[in-house]
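Student: Supplied in structure tokens, the structure appears directly below.
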Amino acid sequence: MDFLKKNDTKVECQNQITIRIASMSIYLLGFFLAMFLCNCVHLLLRPLSQPRIIAESIVGLLLSNLEFVRNRFLNDNEVQQTLNYIVDAIMVCHMFVVGLEIDPNIFLQLTLPEAKVAYSGVLTTFVFACLVTPLLHISKQPNAVFSSCLAIVLAGTDSPLLTRLITDLKIGKSDIGRFIVEAGIQSDVVSILLITIGFLVFDPDRNFQNRSVKTMLKMMAILVFQTLLASKVVPSVMKWVNNENPEGKPMKGSHLVVALAFIISICSMSPIVGFSKVLSAFLVGLFMPREGRISKMMIGKVNYIFRTIFYPLFFFWVGTEAKLSEFEAGKIATWAKIVVPFLIATGGKVLGSVVSGLMLGFHWPESVATGLLLNIKGHFQVYLAINAYRMNIISMSTSIVLVFVTFLTIIYTPVVVAKIIERARKRSPTQKMALQWLNSTNELRILVCIRSSQNVFSAINFMEISRGPANPGIMVYLTDMIELTDKIAATLTQGRGVEVGAGVGVDAVTVTDPAVVEMREKITKDVHAYLNEDCEGINLQRMMALSTINNMHQDISILAEDLLVHLVILPFHKNQEEDGRLHVGHSGFRHINRKVLRNAPCSVGILVDRGLGKTVISRSSISLNAAVIFIGGKDDREALVYAGRVARHPGVKLTVIRFLVEAAGDSVSSRVGRAKSNTTEHLEEMKIDDECFAEFYDKHVAGGRVAYVEKYLVNSGQTFSTLRSLEGQYGLFIVGRGGRVNSVLTVGMSDWEECPELGPIGDILSASDFSVTASVLIIQQHSLKGELDGLHDEFSIM
């Protein structure tokens with residue numbers, strides 16, 4: 001009998017093993033089937049540009065709610081428990097990597113625009129949610145603390161998902177893409193930290209009752225200990241592993257195991273005192289070092305495994321917990337719980353982004369788009385929604401509602417990005433609005449900006465030397481830059497602008513402030529006097545850029561775009577004093593100049609007036625000695641083309657000075673220069689420079705109209721001394737801002753520039769110790785940001 005019992009027990013064990021193996025095989029087959037279905041659904045959604053997370057959620061929720069699957073597999077408590085353990089481990093790893101990808105120095109960047117936009121969105125959403133969500137009775141037992149926690153969740157952003165979507169939708173390299181990613185990280189960090197603080201103080205397992213002081217102190221002590229280990233001890237272990245496993249060699253398995261085991265042991269400390277292992281993992285990752293092979297490997301490998309394997313499994317688990325059969329679709333309150341939180345989260349983010357965007361001088365459509373994208377929720381928010389049901393805080397139907405709200409914040413993402421690209425494409429010109437590409441049969445269109453009547457005579461003389469031949473002539477839009485203050489804003493009325501010369505500039509409003517009216521009238525009188533004397537070939541219209549300092553660059557760029565101008569001329573922010581020196585100037589106008597240089601849809605020039613406005617330029621005799629400095633690069637080519645127009649003026653004696661790299665000698669700088677000049681990019685630039693200069697030489701120098709000087713130099717030191725030797729010889733220098741490729745003649749100059757917006761050469765020539773009589777015109781050639789059939793990755797729109 002004992003033998004038979006033993007034999008039966010053995011057979012039963014074998015049967016159990018067989019059943020387990022068969023079950024595991026079915027689970028694996030089902031998992032691969034789910035992966036296949038995810039790929040198929042993702043392909044079906046590709047025309048709508050929907051991200052993979054939507055396909056994963058659809059397959060996971062539907063597959064796990066099939067009656068066959070639920071009856072066959074999910075009623076087994078062991079299977080469900082194992083699935084819970086796996087998902088908890090997934091979220092621990094996920095949050096650890098989220099923290100690891102974030103630089104803890106982010107807390108020192110609170111004054112950055114990204115932080116301001118992120119925190120304003122978090123604040124407005126939090127306030128809206130705290131006011132409205134208690135009315136929805138989302139929790140089983142209404143609780144102010146739960147409402148606050150829900151408000152924080154709605155105010156947060158899933159930064160890893162946001163980063164992946166921004167990258168996949170091809171705007172990651174644009175200015176708005178980079179801005180949104182940085183703002184998303186800020187928003188994510190602050191929301192998770194607030195949830196962490198809330199978990200320290202309130203116990204979600206006991207309806208968010210206050211924890212005892214003793215419990216809070218235990219949790220805080222273990223968190224501090226974890227943080228110290230992560231920030232002080234882990235770097236030593238990581239450094240040792242990195243030194244033992246240099247780049248290029250396979251990493252030793254034992255070292256990898258030791259490093260991972262040490263990190264896991266740190267993450268496992270806080271659950272001992274009842275703190276959330278998920279939040280603990282985020283804090284450990286946040287304060288761990290990012291350098292070295294271990295960190296890079298964990299980020300790369302874990303993210304890859306999650307995207308390919310664990311995230312589909314995560315949404316399968318969501319479906320096992322969220323039984324769609326218990327979703328109360330027939331109740332209006334259920335749909336209100338979907339719509340209202342979604343509107344709160346979306347409206348709060350958009351309002352916060354728009355308000356902060358207005359203060360930062362952003363375009364409002366881009367601010368709205370930023371708010372919509374910062375509203376994205378993801379895996380962490382879904383995990384919290386499911387856990388709220390598991391803790392019996394909310395009902396099954398409400399848990400499903402919050403999951404749906406998360407999906408709603410993702411679905412519209414492709415539409416928002418498409419609108420961003422559409423606006424960028426519209427704002428990106430389809431032709432280069434630059435002098436170098438101007439057809440000789442077309443008139444030159446220039447937007448000349450002036451800040452006050454002090455700039456008017458330099459603007460007039462600039463028009464005079466730029467007029468070129470009477471046919472096709474020159475079109476000048478003389479624009480008054482008027483800072484919109486509270487005092488001036490109170491004097492605005494609707495009306496028309498001032499008629500000057502051959503055109504009429506129509507302003508949206510009229511300023512009746514006496515000081516502004518007097519200034520504009522004086523400018524009009526001086527311009528009339530010039531045009532009445534000799535206006536052949538010059539068409540002129542008066543315009544007005546009336547805006548705050550933060551937004552004036554947008555007005556100038558919009559004017560330039562609408563008027564299709566080829567060149568914008570801005571006055572230098574410093575004015576000349578009685579002793580000839582330039583005073584400190586208006587920093588606000590300096591910021592305007594720098595922003596216009598970044599965003600203008602055409603070429604831009606900055607005019608440093610140190611006597612040009614006082615010069616009487618005659619058409620009957622030489623009255624102005626001018627020089628154009630040509631080293632190479634697109635900006636120098638643009639300056640050279642403009643100088644070609646100046647060369648045609650009978651009252652200007654122009655000299656072109658070309659700086660060339662000395663070929664002889666074997667000094668260190670010479671060898672460096674020759675090495676750099678061998679790059680493909682540099683050779684191509686040199687070829688374009690030579691072609692442009694040869695054309696200029698044939699047109700102007702060969703006929704004797706323009707003087708030509710060559711300077712052979714070795715390094716930037718000789719460039720500096722040569723420029724200083726030109727002091728007192730010329731009344732106007734025309735130079736390119738930069739745009740050179742590896743030029744040994746200017747390398748290192750940018751390290752001690754006083755005004756980087758002028759470029760290295762312009763900065764030297766404009767220095768207060770260089771001259772008190774030489775004016776400088778610094779020109780930057782327009783860079784085409786878009787194409788007719790699309791955009792480059794690195795487009796600019798903000």
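Note: Cβ is positioned from N, Cα and C throughout, glycine not excepted.
Below are the features I grabbed from TrEMBL:
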type: DOMAIN; residues: 35-417; note: domain 'Cation/H+ exchanger transmembrane'
type: DOMAIN; residues: 538-614; note: domain 'Cation/H(+) antiporter central'
type: DOMAIN; residues: 623-783; note: domain 'Cation/H(+) antiporter C-terminal'
type: TRANSMEM; residues: 21-45; note: transmembrane segment
type: TRANSMEM; residues: 51-70; note: transmembrane segment
type: TRANSMEM; residues: 82-102; note: transmembrane segment
type: TRANSMEM; residues: 117-137; note: transmembrane segment
type: TRANSMEM; residues: 144-163; note: transmembrane segment
type: TRANSMEM; residues: 183-203; note: transmembrane segment
type: TRANSMEM; residues: 215-234; note: transmembrane segment
type: TRANSMEM; residues: 254-287; note: transmembrane segment
type: TRANSMEM; residues: 299-318; note: transmembrane segment
type: TRANSMEM; residues: 338-360; note: transmembrane segment
type: TRANSMEM; residues: 392-417; note: transmembrane segment
Student: Same chain only, please: residues at least 6 beyond the ends of the transmembrane segment (299-318) with a C-beta under 8 Å from a C-beta of the stretch. Say none if there are none.
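Tutor: 31, 34-35, 38, 52-53, 56-57, 59-61, 63-64, 83-84, 86-87, 90-91, 93-94, 97, 100-101, 160, 379, 382-383, 386, 403.
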Student: Between 51-70, 183-203, 392-417, who has the most Cβ pairs under 8 Å to the transmembrane segment (82-102)?
Tutor: 183-203
Student: Does the transmembrane segment (338-360) make contact with the transmembrane segment (117-137) through 3 or more Cβ pairs under 8 Å, each pair 6 or more apart in sequence?
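Tutor: In contact, yes.
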Student: What does DSSP give as the helix, strand and coil breakdown of the domain 'Cation/H(+) antiporter central' (538-614)?
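Tutor: Going through the domain 'Cation/H(+) antiporter central' (538-614) residue by residue, I get 28 helix, 23 strand, 26 coil.
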Student: Any contact between the transmembrane segment (117-137) and the transmembrane segment (254-287), i.e. 3 or more CB pairs below 8 Å with pairs at least 6 residues apart?
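Tutor: Since fewer than 3 Cβ pairs under 8 Å link them, the transmembrane segment (117-137) and the transmembrane segment (254-287) do not come into contact.
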